[in-house]
Every structure is written in C-alpha cells, then in structure tokens.
Amino acid sequence: MATQQKASDERISQFDHNLLPELSALLGLDAVQLAKELEEEEQKERAKMQKGYNSQMRSEAKRLKTFVTYEPYSSWIPQEMAAAGFYFTGVKSGIQCFCCSLILFGAGLTRLPIEDHKRFHPDCGFLLNKDVGNIAKYDIRVKNLKSRLRGGKMRYQEEEARLASFRNWPFYVQGISPCVLSEAGFVFTGKQDTVQCFSCGGCLGNWEEGDDPWKEHAKWFPKCEFLRSKKSSEEITQYIQSYKGFVDITGEHFVNSWVQRELPMASAYCNDSIFAYEELRLDSFKDWPRESAVGVAALAKAGLFYTGIKDIVQCFSCGGCLEKWQEGDDPLDDHTRCFPNCPFLQNMKSSAEVTPDLQSRGELCELLETTSESNLEDSIAVGPIVPEMAQGEAQWFQEAKNLNEQLRAAYTSASFRHMSLLDISSDLATDHLLGCDLSIASKHISKPVQEPLVLPEVFGNLNSVMCVEGEAGSGKTVLLKKIAFLWASGCCPLLNRFQLVFYLSLSSTRPDEGLASIICDQLLEKEGSVTEMCVRNIIQQLKNQVLFLLDDYKEICSIPQVIGKLIQKNHLSRTCLLIAVRTNRARDIRRYLETILEIKAFPFYNTVCILRKLFSHNMTRLRKFMVYFGKNQSLQKIQKTPLFVAAICAHWFQYPFDPSFDDVAVFKSYMERLSLRNKATAEILKATVSSCGELALKGFFSCCFEFNDDDLAEAGVDEDEDLTMCLMSKFTAQRLRPFYRFLSPAFQEFLAGMRLIELLDSDRQEHQDLGLYHLKQINSPMMTVSAYNNFLNYVSSLPSTKAGPKIVSHLLHLVDNKESLENISENDDYLKHQPEISLQMQLLRGLWQICPQAYFSMVSEHLLVLALKTAYQSNTVAACSPFVLQFLQGRTLTLGALNLQYFFDHPESLSLLRSIHFPIRGNKTSPRAHFSVLETCFDKSQVPTIDQDYASAFEPMNEWERNLAEKEDNVKSYMDMQRRASPDLSTGYWKLSPKQYKIPCLEVDVNDIDVVGQDMLEILMTVFSASQRIELHLNHSRGFIESIRPALELSKASVTKCSISKLELSAAEQELLLTLPSLESLEVSGTIQSQDQIFPNLDKFLCLKELSVDLEGNINVFSVIPEEFPNFHHMEKLLIQISAEYDPSKLVKLIQNSPNLHVFHLKCNFFSDFGSLMTMLVSCKKLTEIKFSDSFFQAVPFVASLPNFISLKILNLEGQQFPDEETSEKFAYILGSLSNLEELILPTGDGIYRVAKLIIQQCQQLHCLRVLSFFKTLNDDSVVEIAKVAISGGFQKLENLKLSINHKITEEGYRNFFQALDNMPNLQELDISRHFTECIKAQATTVKSLSQCVLRLPRLIRLNMLSWLLDADDIALLNVMKERHPQSKYLTILQKWILPFSPIIQK
C-alpha cells in the first residue's frame, strides 16, 4: 500500500511559457490565462492526492496496465510514462511516480516523461538507479544466481536459521512476510528481494503483496524435495493449475535458457530500445551529415544513435543527447563526462574490469559463495531440461544452438526490422513502431468478454496455438517482429523460455514446401544450412520451447502442409504458435484456438509519438496537428491503424512545405498510397473503392454504420477481396452473422463523398440522377453545419468539373428554402457514432430559437464557404458564379468572409451585399443585473400556500441569482480567455489595390471595450476607407469613439448610423459625432445622461431619418432639442419618450412634417392634446408600426383614427385601458379591417373583456397575424372561442399566442380550451401563465387534455405555464408527451416561478 501521507504544497509548472504566445495563436485563446487556470486546478488535485512510496506500483508492467483507461489524446505514450516510473492515477490526466510521488498532469510535446521527472525530482531514487524495488516490465520472477548457499542445505534446514537471513529484507517488500517465506523453505540472498530455496536451490524475486510463497515454489520448482515433503501432490497440482499464465513452464525453462542479455536492465526506461545493438545504431547514421567531424563508428560504439536532426545523437540507454561535434572529439569521453551515471557506460566499465571488487559485495559474500561446475548439481534438484551433451550423443542439440545464434543475428539486423508499411518509401518503417505498444485485447474462444492486455501479459500467456487478429495494417507484422527482436536481444526475460523463435511469412511459401526450406529462405544466410530431419528432431526435443511467429495467414488450405500440421496437431508437437491473421480470415482457424489476441484501434498517442520522432525538427507543424485533432476529437479515431500514420508521414515527407495536416489530407494521402501500392491491380482497386463508396454513401444518408453480408452484396462489395479490408473491418465476435464497418465513421464519410462525386461526374444519366438524389437528401442548413459538415467538407475538397456547379447550386439554395431552414431534425442513430454533434446541435437549436437572424447569418456564410471551396477545387468558378451572385443578393456577411479568394477575383459582387458585420469585443465586465429591486415589486403578504408535492413550482430568487451569476462568471472566464486576434486584411478582397468596389454597408458592433490599440485602429482605418456606409453600434464602451478619432475623421462622411447603449459620451466624443455630415440614424439608450451636446444640436444632423431615445430617469429630450429640428421633412422612424411637464408641440410638429414616418413608439405619462397627436399620425400614410407605453393613452380618439392606418403591421397597446364597451366594440370591428396586421398586443380593461369574443372572431380576417396577446381580458367562453376560430380556419400563420394573467379562466375553461384547440400549424409559443397568487392545482384530466393539445400543435417549441401546480405524475405525463412531440428536441416547458421569497408549505 502507498504510504498515507498528505501531498505537500509543491508547486509544479510544466508549461513552457516561451511557447504560450504560439499556442495562443493556434488555440485562438489566451494560452497564458489558460495555463494559469489549469495549473491552479492541477495544484488543487495534487493537494488532495496521497504521497509516499507505492509498493503496489513498483512493477512496470502493473504501471503500464493502469494506462488502459488513459485518454488517447496525449503527447506521451504509456510505455514512456511507465518506464519513467509513473502510473496513471485516474484523476484527470494525472500520473504519479511510485517512488518519489511526483504528480504530473501535462504531457509536453517537446519533452519526454523521463525529462520532466528529472527536471522536477532529480533526487528520485528510481532515477538514480538505487534499489527502490522497480521491476522491469519484461522481468521474471525466476532468478539465475550461479551460486549456492554457504554451508549448503544443512545450515538452513531449520526455519529459524532461514528466518534469520531476512534481517535486511528490503522496505519495498514489507507486504511479504519473511516468516512465510522462510516457512516455504526460502533464504534471503541479500540481493534485492531475491530468495533461494535451501533445498532445490531455486531462486525467486520480484515479490509483490498478495503473493503466496508456497504457490510460487510449487509453480516454478515442483520437484523440490522440501516442497514435496511439506505439500501433497494434489496441493502442488492445484497450485500449478491455478497459476495465471506460463502454462507448462517451470523455472528450469528460464534457468537453462540459451538467450542471454548482452546489456543490463539497470535503466528501466530503455530496456527494450532497438538501439541496444550496435549494428542498429550504425544503421541510424545513414543520413548523418557528411561534413561532420566525427566518425559514425565511434558514435555507435559509444552507445549513441542519430536522431535525424542536425548532428544531434542520443544514448539508447540514458537518453542523453550530444551535439555540435568538432574535430578531435571522442564520443565515449564526451558521453562519460556529460552522463556519468549512464547504465550502458557503467556496464562497459564493469565488463572491462578483470578482478571484481570483492569489497562491494558486503553481506552478500557472507551468505553466498561461487558454485563451481563440480558441485553445481548440489544446488539444483533437477538437471537442466536441455543438458549439455557431447556432440556425438546429440547432434540436434548443437544444431539447435547454432540455429539459435543464426536466428538472433537475423532478428537483430537492420534489414529485419526495416520494412516500409505502405511499400512506397522507407520513411516510416517498422522500426519506428517497435517503441509503440499496440492496444491488445484477449478473449477466450467461448467467452464474449474481452480483457485488455499489455505486452508483458501477452508474453506470459503465449501457449500452444494462439492467433493475433486485426485489420489490414493494424500492426500484426510489427507485433510479431517485435517479439522476435525482443527474444533475440535478450532484453526480454519473459521470452527467454523459448530456445528458438521462428518468424515466418506465409505469403511467399508453397503448399509443398518443407519447414527447413522456409526457414533457410527467409531467415538464414546460407541455403540448406539446416535439414528437414534436423528441424523435426529439434521440435520433437524442445517442444514448447519453440515459438513460431506465423505472419500473413490467409486460410488453412493455402499454407504449407507442414505448417498446417503444426496448427492442426499441436497436441503432438506441443510447440507454441502465434499466428497473425486479418479479422476477415480468422474463421477457419478458430477451431484450433483457445485464446485470440485482437489488435484494437491504434491509439492517438502512438501517432503523436511516431510523428515526434520523425518530425522533431518541425515542432510547429506538430503543435498544429495536435491542436487540430484536439479541437476535433471525433477525428482522432481516423488514425485507426499504423497505415494512416504512414500516410501522414509519406505526405509530410513528400510535401514538406504543405501546411495541411487535417483529416482530408490524411485520407487523400492514404488513398494515394493505396493506389501507388496497387498499380498492378489498379482496375480492381478502382472497382473496390467505387463499390465501397456506394455502400458508404447509402449508409451515411440512412445513418447506418454497420453492414451485413447482404448490404455488401447489394453494393457489389467483395468481402473476400483483400483491398476491401483496407477500407473496411469485419467483426464476428458473438454474432450469428458477421458485420462490417468502415475503418472509422469519418472515413466512411470520405468514401461516401468520393462516390457522390463519381456519380455526379459520370457520363451515364442514371448515375447523375442517383447522385442528385443523394445530394437532395441534404435538405437542412443546420445539418450542413453539424451532422453533414464533415461529409460536405470532404465533397468540397474533391475536384470535379461536372459535379462542382451542381453541388454549389444545391448548397446555396438551401438557405432560401423556408421549409429546409426549419427542417432541423436529429437522428439518434447518427449521434451514437458522433455524440459530440449532439451538443453542437443543441447550441444551434438554441441560437435558432433565441436569435433566428444570427443563426441564419451563420449558416449562410458556412454554406457560402463550402460552395466556394467546391467551385475552386473543381475549377468551375465561372460556371458557379451565377449561383454565388444570386446568393449574395441582399445578404450580410462577416468581415472574415472578404478574405475568400472569390472577392478578389470578383470584387464587383460586393455591391450585391446588404452589409458586412464587424464585431469588436473587449474584456470589460458588463454591468450585472441586480434582481434585489424585484423584491419591491412583490407583495410579500401574498406569499402562496402550497402542498409539499408542488414545491418544485417555485425557486428562491437568491438561489437562482447565485446560479445565474456562476454561469455568467463561467461565460466571462471563457470569453476572457478567447484570443481576439485582429482581423487578417492580407488575403482575398484586401489584396486589391486600388479598391474599385467598396463595401456597401459596414456594421461595426462594439461591446465592452473602451480603447482600441494601434493595430486595431489601423485596421479600422483600412476597413472604413473601403466602405460606402458605416454603422456604429456601441455598447458599454466608453471612450471608444475618442480612441478611433483618426479613423472617423478620415471617413466621417460615410457614417450613417450611430447606436449608443449603456455608456456616456465625453464632451469631445459628442463634438466628434456632431461633425458626421451623413448621419441618418441615432439611437441612445440605457443611460441617465442626456448627451448634453448632442440633443441641443440635433439640427446639425441634416440627414437624420431615425431617432430612438430611451433614457433612464425622467428626461425629456424634446425640452432641449432646437426649435428648427421639427421642421425636418424626412423622419422615418421615431422612438421617443416625453414627460408631462413639457409642451408636446415640438413632437406634434415633427410628426406633421414627417410624411414618410413608418415606425412610431411613444412612452409618456401624460399628453395634453392626444387628439392632435392622432390627427398628425393619420397624415403619415406609410405608418406600419405603433406602440404606446405608459398612462397617456386615450381610447376614444385612438379608435376614431385607427381605420386610417391601413398599412399597419404592428399594433402594441400593452397596458393601455379600454374601460368603455362601446369604444371597445368599435375597436374590435376596426381591427378586422386592418388586413396587413401581423402583431396585435391588445389593451386591457373591462371594455376589452366584454368584447373579447368579438375581437377573436374579427381575427379571422387577419390572415397575416403572427402574434396575438390577451392580458387579463379572457374568460372560459372567450378562450374557447380562440379554439373555435382556429378550427374554422383562422390563425393559420399565428406563431405566438399569449394568454397570460387571465385569471377569470377556470380550470374547466382551460380544459375545454385544450380539448378543442387544433389546426394551428405554425404556433410555436403558447403562454397560459398566471400570477403566483392565482395558482391552479391541475387535475389529472386537465393535464392529460393539455398533453393531447400540445401533441396537436406540431411546431410548438415553448409552453409557458407558471402557477400551474403539477405533481410528479403530472410532470411525468408531460415528459412522455415531450418525447412523442414532433419538436421533442426543442420543446421547452416553463413552469417554475422565481420569487424573492419561498412559498408556505402546507403540511
């Protein structure tokens, strides 16, 4: 157990702060701030975690196993971390050293785990190679001490004497009691945790908590006389049979191994380096700079290999790097001077010493003495399995040893490990993969459960006939070669039990070929150096000490007969076979297997590891690669096999200056490499890609990602064709029928895109029609941004002169189709394969509901980018231009859209746009709304009394406000972290000089920023100068106007609109605005300042057409405006507030002189001559919108004038009173004549209440009505009238029906209304809320009627029902209704009051 000590306050920063500016640019956010927040979070987690030596994690294999659940998106691979002493804690990405407890969370791209370990805890005992109990991942329990105990058996026959030897038992094995070990016959040797049986001489080490010494003794040395004297045969058999792994293996298999490691395993983090062999180090110098002053032989001799960068070399053992070599340098001396603790150097030194230093043995010499050959048998109970024999007695034995040496030489040669994955170039060969462990799972042939395995477990379980299955290019060959290499190198004791290992490729064999012939052809230098008889004798003698690694297996009938017999009759030969087979070829071999090893998807961190090794000279490209796939997590899965990594490498090597690194580049390169590899069968490949593309396309549009044999047959896919398996995977586990998937969902989309282009580009009409049919299935703009985004990105990147215009036309017409705009359905099957799309679609739906215009603008620009990318990629810009120009007509785009090449090639298209939107956002904190003022709006004496069952209908305001503040803080933190890079004005339209065509209207939207920097000022000057008209929208940005004075003064004639909200202008800023000669619109709101210079000088704005003033407090603008201002004849929009104490004559005169007025809003508490106001408004024949607020309204003169407003579209009389029934009746009849009315917000009062049914009946004449609101004016009869009018054909375009605070409607009235309401096909929002003092405790029948009603409203997305008290059953019923509703993904039910007090709970 780990020592339970609290973590110290050690602060660790893994970030390289010099790289943070570069990361900021790549991430699009403030990396410095992000790093600070991450470090704070990590420090909090670090403080919670326990420290102290963790004996449970001293085994590297166990540490490696903890990374099974590690996040694949990482720059570090598990082997590097485990070898550096770390295990995965499971807390975020945290890893911890078993020895010094260092906790790291980050995985740097430029530094390895061992480097960060040395950097933060250089005094860690593990790093200093102290005896801290580390167990190397390939180490074994059986030890081979060629010594015997001093005094022989007699001295330790007594348990007490054995126990006394444990007085210095290491601290890291305190979980194993010396009493139990001594009882089992063991004596402590004094070396690490190795013990030796006093009777049989067997040595065991690497003890871990939970080990049973008797079981270990029985497993490894079952013939021990002492063991047999203490345990029965049945007990010994039970111990052996219950042992996990190492079937039929005893200690003698390891003790008598012919394979000996040439190098020590002192440095755990490099114990399987391929560069442990000098020949392989030499081979790494093939690209060594010729001008270098140092010879490669000397460098390789000193343990150094070439990194491929400049003249930098690295030690395979200690990992140290050396560079800048000069004439006369001695690599060995420099290595020794810089890295004196290097295990490789220490081993060289100890090997050179003739006489061992006896003093260094200490206590070990007292316990052990060297065993001579004459008395060796006295320490080993049973002789070796393969005894040394005279050559005449056993010729096979000598031949076997010779064969062992030849095989080891073959497997450690550079040629063996160097094989190009795609047979195109040698840039990415198998040797670059040997350091990356594959992700492997084991499954018993009769059990569905898979168990993830790490390599040490795989090696321990090798037995009889096993297969490793995986997709094409999944790394099967790499795994087999790695096993052969590790065996030959001697650095994997787990494999030392095999005396011979044969790696044989079955792809180049003949059925009648003999085993010796195959071995000679593939592995041995001399033909005929081993005979068939010799091989047969060796196998018969060695049995399970022979391992066959059989690669490229296809089917049993196609392999050599001799190999077939080894598989089919393995019970006779008892050899071990590991057979590599593609998943689709494994069926006929399964009958001979008990265990299958399955290679899973290639982890993303392996991809990063390989790219880091090969392209460490271009870290910027690697960082971009990491950032891209970090932002697009679903695309990480495309690196499914090493073949895709090979495709990336081939592309990067071939195009070193091509910046592309995304999924499109990966897939294109992969297909290109397949094409090059299969030149001889180009037509077959083409047909395979086409048929698989057909399957992919059909599956994509039907949200199908798994296919059966029938699906493949229908699409013409041949599953037996090897090329098919380069595109698809076959799965057979626990299925009556196999099923197939493409290598990844994204790859399926890519192939589907290729097929769509092929169909549209075909000369056959039926193919073109089929392509258009598929294309038209893309009928939702939202899906183009979300679910179809990747697919369309692939389509747009594939060139096609015929398909280009068709695709462009379809995409650009999507946004003009209202039905398609609202067709935003979501397919759950698709989301199973891309769950991250779900959140994206929720955000898009929210944007669509809250701000349809912003949604529409975003989708429009997205489609434009896709369309133009398609046009340019297919070289069909001229043919596509008519569609593009039609699309641009009257549209608003963002400033970034002008960077598109199209606006450079066709700048005249700018004139078609309505405007360009340029947002500028700062980091100021917007004023937070204070809800405490609402407490004064509620009468606390009216606190509702409710049952406990209905408590969920209310939420305390303080709790709600606290949650809201927390969310606002999170949003602010995120927004503050966003890096607001200045717009790029170097491409597209901005390359034009001079700019003959200008931006028709520039909308500058400024929020939360006071002052801009010089860079932004220069950008504004450039953009302003390229704009015909400029509109400024300023919010909470005091001082902004002054900071952009140079830009405004250069373009003041272009500014036509200025909107000022929540800020006070300085005197200088007001003076600057007054110099704008072309200002047509002025809006001022959200401030208590009257802008003391602007309003008295409004007459300076000679072109002013729109004036909107909404000031806080009792401020009357018309009291300060100049007398000349009302004489203007061009006001079109007037939104104003005045106070009672001022003469309204200026306002009346202004209206009189504004015949073009079309929007009029007035807020006033008293108007002395309302009749004259209405008379003047009647003269405004173009008036389309009227809104009256506050208490100045007079019903009689208004109704008298109302028939004259024949163009009226919006009438808002919210809060106005109609007490007179006669006037209200006239009002009702007149409403029926306003045929253009779209929004009707009705007044209140007794008069309206009495004529409500008449008003509703008159609404049948209002065919354009979209919004209808009744407030305090309905009862049971009138509300049911709404349903009757709807049934008879009224309200067909109604989208919003507001029926709130109508307390005279009873529950029965609502129920009747719900039961009758139907035929409102466009209703999106229904409000039936009540005041909290007028709650309705709904009966089950009412809730049921409501649910049925909502189901009849197919487009309803919001239901407001405050003060409806619903119990758990009612809520459950509504939830069931939501799931069944056509808008189930969008329908929101608002049922909870937010109050400054809690209701009284009635018990």
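Easy rule for this one: first residue shown is 1, then count along the chain.
Quick reminder: no glycine exception, Cβ is built from N, Cα and C everywhere.
The feature Zn(2+) binding site is assigned by Swiss-Prot to Cys315, Cys318, His335, Cys342. In the structure as shown, the Cβ atom of Cys315 (Zn(2+) binding site) sits within 10 Å of 25 other Cβ atoms. Cys315 (Zn(2+) binding site) carries a strand DSSP state (E or B).
A helical conformation is recorded for Val478 (ATP binding site) in the three-state DSSP classification. With a 10 A radius on its CB, Val478 (ATP binding site) counts 24 other CB atoms from all the protein chains. The ATP binding site annotation in Swiss-Prot covers Gly473, Ser474, Gly475, Lys476, Thr477, Val478 and is backed by similarity to another entry.
Annotated domain 'NACHT' per Swiss-Prot: 464-758, in sequence order.
The average pLDDT computed for the repeat 'BIR 1' (60-127) is 94. For 60-127, the entry in Swiss-Prot reads repeat 'BIR 1'.
Taken from Swiss-Prot, the feature repeat 'BIR 2' applies to 159-227. For the repeat 'BIR 2' (159-227), residue counts in helix, strand and coil come to 26 helix, 8 strand, 35 coil, using DSSP.
Taken from Swiss-Prot, the feature repeat 'BIR 3' covers 278-345.
Proximity to Val478 (ATP binding site), judged by a C-alpha distance within 10 Å, picks out none of the binding-site residues Cys315, Cys318, His335, Cys342. Counting only residues at least six positions away in the same chain, the Cβ atoms of Leu438, Ile599, Phe602, Lys640, Thr641, Pro642 sit under 8 Å from the Cβ of Ser474 (ATP binding site). Taking the centre of the Cβ atoms of Cys315, Cys318, His335, Cys342 as the Zn(2+) site, the nearby residues of that chain (Cβ within 8 Å, site residues left out) are Gly303, Leu304, Ser317, Gly319, Gly320, Cys338, Phe339, Pro343, Phe344, Leu345. Broken down by DSSP into helix, strand and coil, the repeat 'BIR 1' (60-127) contains 24 helix, 8 strand, 36 coil. Under the three-state DSSP scheme, Cys342 (Zn(2+) binding site) falls in the coil class. In sequence order, Val468, Glu469, Gly470, Asp551, Ala580, Val581, Arg582, Ile599 constitute the residues six or more apart from Lys476 (ATP binding site) in its chain with CB-CB distances below 8 Å.
Apart from Gly473, Ser474, Gly475, Lys476, Thr477, Val478, the residues listed for ATP, the same chain places the Cβ atoms of Leu438, Gly470, Leu479, Ala580, Ile599, Thr641, Pro642 within 8 Å of the centroid of those Cβ atoms. Across the structure, Cys318 (Zn(2+) binding site) and Gly473 (ATP binding site) are spaced 32 Å apart at their Cα atoms. Nearest by CA distance to Gly473 (ATP binding site), out of the binding-site residues Cys315, His335, Cys342, is Cys315.
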